[in-house]
Structure formats: structure tokens, C-alpha cells
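Structure first, then comments.
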Amino acid sequence: LGLLYQEYRDKSTRQEIETRRLQDSQTDPEESSPSEETPSEAEPTSTTESKAPPQISLLRNSNSRFNLWQDLPEIRSSGVLSILQPDEIKLQEAMFELVTSEASYYKSLNLLVSHFMENERLKKILHQSEAHILFSNVLDVMAVSERFLLDLEQRVEENIVISDVCDIVYQHTVNHFSVYITYVSNQTYQERAYKQLLQDKPAFREVISQLELDPKCKGLSFSSFLILPFQRITRLKLLVQNILKKVEEKSDRETTALDAHKELETVVKACNEGVRKMSRTEQMISIQKKLEFKIKSVPIISHSRWLLKQGELQQMNGPKTSRTLRTKKLFREIYLFLFNDLLVICRQIPGDKYQVFDSAPRGLLRVEELEDQGQSLANVFILRLLENADDREASYMLKASSQSEMKRWMISLAPNRRTKFVSFTSRLVDCPQIQCVHPYVAQQPDELSLELADVLNILDKTDDGWIFGERLHDQERGWFPSSMGEEILNPKIRAQNLKECFRVHKSDDSQRRKLGSRNRQ
């Protein structure tokens, strides 16, 4: 608890990576990691019924540095470690981590408010509207965290063996966590406002730099504090998943964990959708302004439409019989805008404009890779429009700049096309997996941002260092550099990861089966 949340979170995920590395190198995944071993030094002490259970004072001691439930003096001296089964101790650790991480998170939020937001010099520099965009409803978020933490503290102090925490998570998610959606949805404007203030107001830049240098911040940037709520709500879902993997199946604690996870997933999805909606609307307006239609105009802006991928490709000139030609004039540049429901094919014209000469619904696209065509036709694929702008079938032979770019276009254009490896939803016993050891921020719409310790199924990979993956905990898909992760080699660990993931999402599966049954009826 002496750690700020950024430090706590980094330490926790690094430990998770090391634990998985250790398991991956072992033959039996059930072998416990060092952090999960019951301390041999614990001295059981006889307890009588008249003796009140010792209270855990960890949350009230800001200087405490304990990381594990089993390391608490109250736990070590109680003798409870010699009574509990190893699986129950692991569950206690998982629940305790949720509590202590919330305390660390609240501490960081408090610093964001007291050290930055309420700084008198900063107040004088910022206009009221600027401060509102920059800090949004962080006071509401902090109040919700405080109330949540108090209820968690009370539960921990009821008994040295924690009964449950997911029922508390459920109640707070349903009744209070909507403040996260408001805060996270403002993220696009918040980031832009911060960059603009740094650029336009030297006084703001100077004060922020001075405040960041304060020992309280421990070398952490102001922006790392601003992003805390989004990181926390996502991490909270993963902490509940971790508890869910450890509770007894078909128990009351499994039911509350599943309920809490479902509600958290709803909030996280709403947060993600809020961020995307803000940025997508602006992006669509910008694209609309750049397009000039040579064919019948298609309205681009729609609330249900967003950009999946854009970029330049080389189109082959002439009939297919000219494939064997080896001239530089064989290809000419075209530019594609691929939306979730529409493909627009253009040529770039002067003035940063694009002239549209064909289009097709995304559902009417088919792709086919050309193989063994020689060096000049490497990374070439056929794009077939079953019904184009002229209501006819049309084919384009397209060349990408690299193998990864070709595969990325093919998967984006035809998402139902079979990948090299199968997906999570296929329920295959084994599949290549990778663990993220370096965080990655997506640079393109078809890429996937990664957090430390994320585990993904590998659906496809390229020779030039890119992986198309599906993250296990939320089934989000996208491309990322292979250097960001380490492949999980132990088949037992891979199977265990899938089994845990199926369990976490089994309530979703049963819901899908019910819907499918209704649809058939």
C-alpha cells in the first residue's frame, strides 16, 4: 500500500508474467509458483472460541508494504494457514489482491485530485472549461472508489478468512460504476486538451513539470494519473476473472463471481464504445470531406459505420493474361477505405483528395491469395466484388508492400476467411498462444493494443514479424508485432488457459444458446 497504483499494477502484472514463465517451463502446470506457496515459517497458534479474531489493519497503515494475504502477521500467527487447503489460500490471495489494489488505486486518485487538480497555481492558469475537460468527473470517480473501498475493508475486517468480495463488486458495479463510462468517454477530448495546453500555455507546461518532479509522484507523469480510471475498470474485470478461476465450481461464490464479471464486462464495453464513438464520428467527417465521387455518391457518415482499415495498394493493369509481364508499369496506385459495412476504392488526386471509382458492401467481398507467382508478383491477392457500384461482379488484382500488409488486408476485407490457426470460439483443445511481455498501443484500426500479461491465441502470423491474435479474456482480435510477446510452449498451460477462459465465459455461452434456441423457434 506504500505503492501508487501505477507501481502496484506494474509490479502485479510483471509477477503474473514471471509466474506464467515458470509454469511454462514446468512439466506439471499444477505445481505452485513461489508466490503461491504456503510459508513454512508460519507458526500455528492455538485459538479458543472466546478469543476474538484478529483484525487486519493493513488498509489503515499507509506505510505497509505487504503483497500477500498469507504474509500478514495476523494471518501467520493465527494458525489458519495450516488448516486451509492450498486452493483456498490461492483464492484468499486473489480476493485480497482486489482489495489492496483498490486501496492503491484510491491513493493515486487522491494524489491526482489533491496534488494536481486542486493546485492553486494550476487553477489560476486553467479556464473553468479547460479544467472540466482535463479532469472530467474525477471527483465522482474518487467518491465511488472510496465507498467501494470502505465496503471491501469492512468485509476483510469481519474475519481473517475473507468470505467473498464479488458480491460487493457486483453491487457497486450495478449501482455506482456508471461514473467510469462518463470519465472514459471523455478520454479523446481529454488527451487533445492536454496536448493543446502543453503547446499553447508555457505556464501550464511549467507547473505540470514542477508538480511531476515532486517526490509524491515517484517519477510518474501527470498523464499516467489521468488514465487511471480506464486502467482500473479494465483491471478490476481481470481480478474478478482471477477469483472466478479459483472458486469451487457450482458454488455460491462462483455465482457471485460470474454475476460481478458480467456486470463489469458491460461497463468495460460501454467505456470502450464511448471512446470509440467520440473518435469515430470525427474520423468519418474528415474522410467524407476528402472523397469525390466519380460514380454515384454514397453517404459515408452513419452512426453505425466506422473505419476498419485504409491505405494504398498497387492495382494490376490489363487482363489476367498479363500476369507474367515483368515491367514496372504493371501496377498503379489505388487507395482503399474499408468500413465495417462498406468498401470504397479510390485514386488519390491533388489536394489530399480521393476520387472514388468503385464500391461494394463488405459482406459481398471475397479474397484469394496468389502463390508461387515469382518475386515481382509477391504479396499479390485477388479482391472480388460480388456486386460493385454498377451492380456487376468485378475483380481486382492487388499487390501489398509486404506479406504482413497483404494478410492484414485479406483478413480485414473478408473476416470470415479461415485463418492459419483456429480461433477461441472453435473450442479446439490446443492452439498456439502468446503472452504479452511488452505493452503495445495500436497504431492502425486493425491492430490490437496489448497490456502486460495478456494471453492471446495466435490465429495467424507472418514471416516479417506480425501476429494476428485473439485475446482470451475478451475475444478482441487484431494485429501486433511478434516482438511484444513470448510464445507459450507448454501444451498443458495452453489447455489450462483455454479451460479457465471457457469457465469465465460460460454464462455468456449459455446466454448465446438461449438466444439461438429462441431464434430457431
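Note that Cβ sites are derived from N, Cα and C of the backbone, with glycine treated the same way.
Curation plays no part in TrEMBL annotations; they are all automatic predictions.
The compositional bias 'Basic and acidic residues' annotation in TrEMBL covers 7-23. According to TrEMBL, the compositional bias 'Acidic residues' annotation covers 27-40. Annotated compositional bias 'Low complexity' per TrEMBL: 41-50, in sequence order. Taken from TrEMBL, the feature domain 'DH' covers 90-274. Sequence annotations record features per position, and here TrEMBL assigns domain 'PH' to 306-418. Marked as domain 'SH3' by TrEMBL: 429-490. According to TrEMBL, the region 'Disordered' annotation covers 1-56.
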Seminar exercise, completed: Model confidence over the domain 'PH' (306-418), as mean pLDDT, sits at 86
Problem set entry | DSSP helix/strand/coil residue counts for the domain 'SH3' (429-490) | 3 helix, 29 strand, 30 coil
Seminar exercise, completed: DSSP puts the residues of the compositional bias 'Basic and acidic residues' (7-23) at 17 helix, 0 strand, 0 coil
